[in-house]
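Here is what TrEMBL says about this protein:
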- A:15-36: transmembrane segment (TRANSMEM)
- A:68-86: transmembrane segment (TRANSMEM)
- A:119-137: transmembrane segment (TRANSMEM)
- A:144-165: transmembrane segment (TRANSMEM)
- A:204-224: transmembrane segment (TRANSMEM)
- A:253-274: transmembrane segment (TRANSMEM)
- A:280-299: transmembrane segment (TRANSMEM)
- A:306-324: transmembrane segment (TRANSMEM)
- A:330-349: transmembrane segment (TRANSMEM)
Amino acid sequence: MSVPYAKLPGWADYGLIPIINLLVAFLVAGVVVLLVGENPLSAAVILIDGAFGSGQNIAYTLYYATNFIFTGLAVAVAFHAGLFNIGGEGQAYIAGLGVALVCLTFDSVLPWWLTFPLAIAASAAVGALWALIPAYLQAKRGSHIVITTIMFNFIAASAMVYLLVDVLKPAGSMAPQTRDFFDGAQLPKMGWLLESLGLAVRSAPLNISFLLALLMAFAVWVLIWRTKLGYEMRTFGFSPKAARYAGVSESRIIIIAMMISGGLAGMMALNPIMGDQHRVALDFVAGAGFVGIAVALMGRSHPAGIVPAAILFGVLYQGGAELAFEMPNISRDMIVIIQGLVILFAGALEHMFRAPIQAVFASFSPRSVGVAAPKGEGA
Amino acid sequence: MEFVGIMLQIFDATIRVSVPLLLACLAGLYSERAGVFDIGLEGKMLAGAFAGASAAAVTGSAWMGLGAAVVTAVFFALVHGFASITHRGNQIVSGVAINFIAAGSTIILGQAWFRQGGRTPSLSGDARFGAITLPGADAVRDVPVLGPVYSELISGHSLLVYVAFLMVPFTWWVLFRTRFGLRLRAVGENPAAVDTAGISVTWLRYRAVIFTGVLTGMAGAYLSIAQNAGFVKDMTAGKGFIALAALIFAKWKPVPAMFACLLFGFLEAASIRFQGLPWPVIGKVPVQLINALPFILTVILLAGFIGKAIPPRAGGVPYVKER
């Protein structure tokens, strides 16, 4: 074990290990399904069918995936700078305030294609501002970003409950939510995309914020791997000392990375609010901020990994809803378990299978491990 | 006299709502003092609450419930230890994972086993920890001021309440007056030095997370079989994070931890008692602000505006013996 981080070929590092981690997470989830007295295999079949069985199901899967692309990218950008932004949930929730203000102001005046850019800017700005405070406190006052962002999740939740119950709720209404938006703040559906393939979509809420999510995935790739700022962020994340020596300003990187991260998390609010519910309701984020952690870990913080990982979680959400229908013992909370197991095996225990795999690789060809290890003792 | 009565009620409620915070906070204290960050307090408490209520419902014994709660929470603590000590994984990620696994599995298993929408059957009699009347509580009831304080505020709580408050001096004694405590604190500050002295860093940290498991299990059992009569889904409702906030607020010290938990408990008790009523001096305060106050105060403290909270130096860093 004296060389724990010997190099594996890229396909093993980015393909094999995540797949093994994922398989183990699903195996353990299967044990839970057994414990509640259902058959894991038929559960898996129902889940897959529920996610891909019809055009409508696919559209729902992609609708959920949209949320997770935004939050997964948010976590990933912070990861690259060595920061753990656990506050995506709160940043997305409070960003709903920005979306609400834009939509309530302009929805009867402007068409959607003018409201949408304003709402994007507002959601990103509010999310970024909510991340700015923890970032500033980390950069200038040394408070731990994980703890402050957790605290900010709770503060955001309290603030939004207060705003929805006491401020934004229309007079005479009982439900703690804003009034319904007019057409000017409703995003066009994207059902035509699937309908052109001959699939029936009906009323599934897949909308153009899916395209925005893909665009952001590309933008994050450009930012992290093709710009000077991205290079500085990765350097800082890899070795803060080296970055400091190279003249990179620590507090600048922390603040910028966290604001980008918060902005991406904030944009998640657009999808459920403008694309589906057409109002801001309590708890519309529904855990997507936390799913982002699992998505970023699964996708190895690379947009090319995050998009498939987000779709995987979209499958779990949509398929899980169908599963809850078919198997009364399994509610949607099954997804929460799977999410936790993925975070555990792909995140915290990512090194568990690495050493044995490296040993296997070393036994095939010692040189592939990149160390002059004596035979049979690779990792 | 009526004012004294109201204050007594609030303080009594403060004690009740502080106990799970206090147990979880002391739990976190052991782990974090040993250099293992634990944001999974919430999950372990929830799992303990569920296991405790389930076992108590099936066996009819509160003690079996407490045992099941502790065993379950220790299991989750060991998973955290396995990931973050043995495999040197990211401790925050591991804690997040445990919170999710606990949140999901308590609901799924509860629904599958009891079919009451994620609740466990309502407990009564021996399946709960009842109130204990301390000796002489009835005799002194009529003594002015001190009588009610003793008979209502101090007497009449369940066993776990007294255990929780006794854990404070016990934890202080363990950490600051025993060899184990010295080593525990050392391993959170400078594990290499402990290793050089020939003491196993791994085993010390494992013992710390086991302590954490035991105490979070007790906190969960208190919630579901002492304070309430059964488990309801998501019943910890962020208490694990408030405990974490209290731990930071108390700068990782046991006696200040007790006062921090009492303060946060008092805020909760007072906000319930005065819900919707105007507060003295400041007028009407939204209840959400009071709920958020522990978190806001902790952020302000962490920012160094009221004192400085310095965590154990090796906290969050896995120990690598040699490379």
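Positions of Cβ are set from backbone N, Cα and C atoms, glycine also.
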Can we call the transmembrane segment (A:253-274) and the transmembrane segment (A:330-349) in contact, meaning three or more C-beta pairs below 8 angstroms at a sequence separation of 6+? no
At least three Cβ pairs under 8 Å linking the transmembrane segment (A:204-224) and the transmembrane segment (A:68-86), pairs spaced 6 or more in sequence? yes
Looking at the stretches A:15-36, A:68-86, A:144-165, A:330-349, which one shares the most CB pairs under 8 Å with the transmembrane segment (A:280-299)? A:68-86
Counting only CB pairs under 8 A, let me know which of A:15-36, A:68-86, A:144-165, A:306-324 has the most with the transmembrane segment (A:330-349). A:15-36
Beyond the flanks of the transmembrane segment (A:144-165) by at least 6 residues, Cβ under 8 Å: 83-87, 89-91, 93-94, 96-97, 130-131, 133-135, 137-138, 176-178, 254, 258, 280-282, 289
So if I exclude everything within five residues of the ends of the transmembrane segment (A:306-324), which remaining residues of that chain have a CB under 8 angstroms from its CBs? That is, six or more out. 43, 46-53, 57, 60-69, 72-73, 76, 213-214, 217, 291, 294-296, 298-299, 330-332, 334-335, 338-339
